[in-house]
Amino acid sequence: MFRESDNTIAPSNQDLNKPVVDKEQPAERTPFFVDKNAPHNEVDFARIESAVREILEAVGEDPDRDGLLETPERVARMYAEMFAGLKSDPGRHLAKVFAEDYDEIVLVRDISFCSMCEHHLLPFTGKAHIAYLPSGKVVGLSKLARVVEEVARRPQVQERLTHTVANLIEDRLSARGVAVVVESTHSCMTMRGIRKPGSLCLTSAMRGAFKTDPKSRAEVLGLINRAAS
């Protein structure tokens with residue numbers, strides 16, 4: 001029933017030669033290098049750099065010493081990269097789909113990501129597991145990972161990230177069922193405050209059959225738990 005590799009469980013007869021929708025341009029790769037001089041860049045680098053200098057001075061540091069001289073610029077580039085998903089539409093990665101007479105679970109597991117907690121602006125990192133029940137069309141498996149990557153690049157809480165990914169897949173693929181399980185470690189719990197390294201936050205979002213049918217829910221959670229073990 002399934003073709004299984006290191007990262008996916010998917011239909012073995014998936015035919016990528018029968019496009020149903022291909023009206024948009026090929027999806028762009030999520031940028032990891034940020035050009036602060038690019039005319040389309042909406043990040044105010046100067047304001048971030050000024051704010052970082054203020055923070056350094058406020059904690060008693062000298063922002064003009066050798067080790068910190070370029071830190072404000074580095075931090076500005078980092079924020080531009082980490083928050084690149086704010087102005088983008090991650091759903092565009094799901095625009096191209098393929099006709100496929102397959103109605104069982106498609107699961108992509110262990111999609112690594114890094115996002116930023118909106119409460120302390122500290123990173124949380126982990127893995128997402130995505131499953132869906134197709135309704136006559138499937139999407140390229142890598143596109144699910146691109147959705148996670150792009151949704152992650154914004155300040156947020158893990159709960160919102162989980163629901164955003166689930167809603168996108170349900171809406172854009174008209175999936176009969178969607179399950180998204182996210183597990184991550186939060187820096188705001190491990191390096192400050194309660195300081196509990198190793199603690200793990202687990203969130204889930206169920207849609208369609210995975211939410212309403214106990215048997216379908218149990219099946220997909222069993223596959224995800226096997227994948228995560």
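Every residue gets a Cβ built from N, Cα and C, even glycine.
According to Swiss-Prot, the feature Zn(2+) binding site maps to C117, H120, C188. According to Swiss-Prot, the compositional bias 'Polar residues' annotation covers 7-16. Residues or ranges marked as region 'Disordered' by Swiss-Prot: 1-31.
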Cβ-based neighbourhood (8 Å from the centroid) of the Zn(2+) site, residues C117, H120, C188 excluded: E118, H119, L121, L122, F124, H186, S187, M189, R192
Other C-beta atoms that fall within 10 angstroms of the C-beta of H120 (Zn(2+) binding site): 14
Where C188 (Zn(2+) binding site) sits in the secondary structure, as DSSP reduces it to three classes: helix
Tertiary neighbours of C117 (Zn(2+) binding site) (same chain, Cβ under 8 Å, six or more apart): P123, F124, P155, Q156, V157, Q158, H186, S187, C188
Protein Cβ atoms within 10 Å of C188 (Zn(2+) binding site), excluding its own: 15
C117 (Zn(2+) binding site) - helix vs strand vs coil (DSSP): strand
